[in-house]
Amino acid sequence: MNLKEQIALVDKIREHLKKVMDPELNINVVDLGLIYDVSLIEENAVEIVMTLTTPGCPLHDSIIGGVKHCVLELEEIDHADIQLVWEPAWSPEKMTEAGLKAIGR
Amino acid sequence: MIVKNTGSETNIKLPFSFIFFSILALLISQFLILLNGDAFINGHFRIPAIWSAAHLFILGWALMIAMGAMYQLVPVAFLTPIWNEKFGFIQFAVTTIGVVSFAIALYIIPSKALIPGIIMLMGIVMFLIQMGMTLRKQAKPNILTLFVGSALVCLFLTIILGISLVISMKTGFASNYYSILFHSHLLLGISGWFTLLIFGFSYKMAPMFSLSHGYEMKLAKYVYSIYVTGLLSILLSFIFNFSWLFKCGFFLLLIGFSCFIWHIYLILKKRVKKKLDLPFRFALLAIIFGEMIHLLAFIASISNQFPSFAAPLIVAYIMLWIAFSIIGYLYKIVPFLWWTHKYSHVIGKKDVPALKDMINERLALPIFLSFIFGILLVSMSIALNGQMLFYIGQLLVTAASIVFGIAILAVIKK
């Protein structure tokens with residue numbers, strides 16, 4: 001896979017991750033700014049670095065599991081490694097314009 | 001820092017067992033109050049039927065719901081799984097038997113309430129062991145641990161005092177201290193256990209439901225120290241009979257509560273979510289009611305009128321602050337519980353409903369308004385000795401409780 005194809009796949013993964021919704025806010029994890037990094041570690045393996053809005057988020061396990069299921073749905077991906085980080089902490093500035101609009105800002 | 005998956009979700013059957021039982025207890029307690037309207041409006045709170053209804057409401061509804069909610073919230077808020085789920089189910093069974101038999105004993109033969117009371121005590125002690133062991137495993141205790149931990153200590157003392165009261169009634173033991181035991185039981189039960197618990201979890205839930213960010217938590221330390229000092233001051237005033245200590249205590253409770261309301265306001269000012277959900281706004285309204293009742297209690301104490309207003313103030317405190325907080329938060333927690341059970345494993349695979357679609361939000365407004373007007377009418381009926389006002393008010397509260405129960409139960413059909 002050349003660089004152009006890798007970039008296209010990362011974009012596809014990011015777009016696909018919009019299927020994962022935070023059920024409390026009803027905004028997807030990408031527009032909410034939870035996905036910090038998507039990188040291909042091997043041809044069919046992806047590493048996703050993400051956070052949550054708060055460390056004690058009750059939807060902790062559900063959202064992380066959802067992100068994993070979602071990327072594994074793609075036929076190009078066989079393995080997904082989800083890294084949950086608290087640094088840098090999530091802030092509203094990380095939300096996309098669509099996310100802010102959905103929340104009424 | 002990379003964080004491992006917590007795997008801290010509790011078996012849903014555990015919190016739901018508590019929630020289902022509590023709804024039943026709420027309905028029965030409201031019917032009992034409705035059927036004993038005469039005694040209620042005449043201020044005869046110390047009769048078996050009212051005792052039974054009050055304990056069913058406080059223990060069967062509010063305490064059981066707080067326990068159920070804690071089985072769910074403690075693991076997620078403190079990032080540690082419940083110590084022993086099997087023990088939790090046994091605790092549920094023991095507490096249920098205790099609460100039901102205690103309420104029946106109070107209604108029929110109050111002098112035989114000791115054994116049921118001890119069973120209930122065992123259930124609550126088991127809960128305290130469960131929570132103590134769970135909180136002990138928390139990697140980094142914080143101010144919320146202090147609020148919740150202190151609330152649990154107050155619960156333990158409340159129950160010990162309650163059992164002492166039953167023993168005193170039966171045997172005459174410590175009868176000279178009955179009044180101290182009784183007042184301390186009330187203070188630690190409602191202002192110690194419930195208020196500190198609601199403070200603690202509000203600090204977790206208010207920012208979560210409003211998506212607040214970048215707020216300070218320093219004020220929480222002052223809220224805790226001032227409020228707890230107020231509780232200690234009132235407790236000491238019961239023992240030493242110092243009226244200045246009593247007044248000072250109510251002043252500190254008012255200041256502590258005011259700091260809490262100010263802190264919540266500052267947190268909400270930093271919110272990202274512009275429009276807050278109705279159930280959450282209802283829980284916020286409960287804080288305003290709480291502040292008003294603390295102010296009235298302080299005024300009553302400095303004007304030496306507290307004994308005359310104690311009963312309506314306590315009823316208002318339990319209903320408008322404690323019950324409204326629980327009702328508002330429960331409207332948010334139950335859909336989350338069922339959603340996690342049903343959709344947590346399919347998120348990312350297929351479309352899942354939003355949490356607000358899990359419960360009938362259109363019912364929220366009529367339910368909340370009925371509770372507010374119903375309780376106001378009941379309070380007025382006590383003050384004015386008005387029978388008709390009482391029945392209209394209590395019918396509204398009972399009807400709201402039924403619809404609330406149906407709305408909560410309907411979640412599991414989603």
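Placed from the backbone N, Cα and C atoms, the Cβ positions cover glycine too.
TrEMBL annotations:
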TRANSMEM  B:12-33  transmembrane segment
TRANSMEM  B:53-80  transmembrane segment
TRANSMEM  B:87-108  transmembrane segment
TRANSMEM  B:114-131  transmembrane segment
TRANSMEM  B:143-168  transmembrane segment
TRANSMEM  B:180-201  transmembrane segment
TRANSMEM  B:222-244  transmembrane segment
TRANSMEM  B:250-268  transmembrane segment
TRANSMEM  B:280-303  transmembrane segment
TRANSMEM  B:309-331  transmembrane segment
TRANSMEM  B:363-384  transmembrane segment
TRANSMEM  B:390-412  transmembrane segment
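With respect to Cβ pairs under 8 Å, the transmembrane segment (B:143-168) is most closely packed against B:180-201, considering the stretches B:12-33, B:53-80, B:180-201, B:390-412. Contact count against the transmembrane segment (B:250-268) (Cβ pairs under 8 Å) is highest for B:222-244, out of B:180-201, B:222-244, B:309-331, B:363-384, B:390-412. Touching of the transmembrane segment (B:390-412) and the transmembrane segment (B:12-33) is concluded from the presence of at least three CB pairs under 8 A, sequence neighbours closer than 6 excluded. Simply put, out of B:53-80, B:114-131, B:180-201, B:280-303, B:309-331, B:114-131 has the most Cβ pairs sitting under 8 Å from the transmembrane segment (B:87-108). The stretches the transmembrane segment (B:53-80) and the transmembrane segment (B:309-331) meet in space: the count of Cβ pairs below 8 angstroms, excluding pairs fewer than 6 apart in sequence, reaches at least three.
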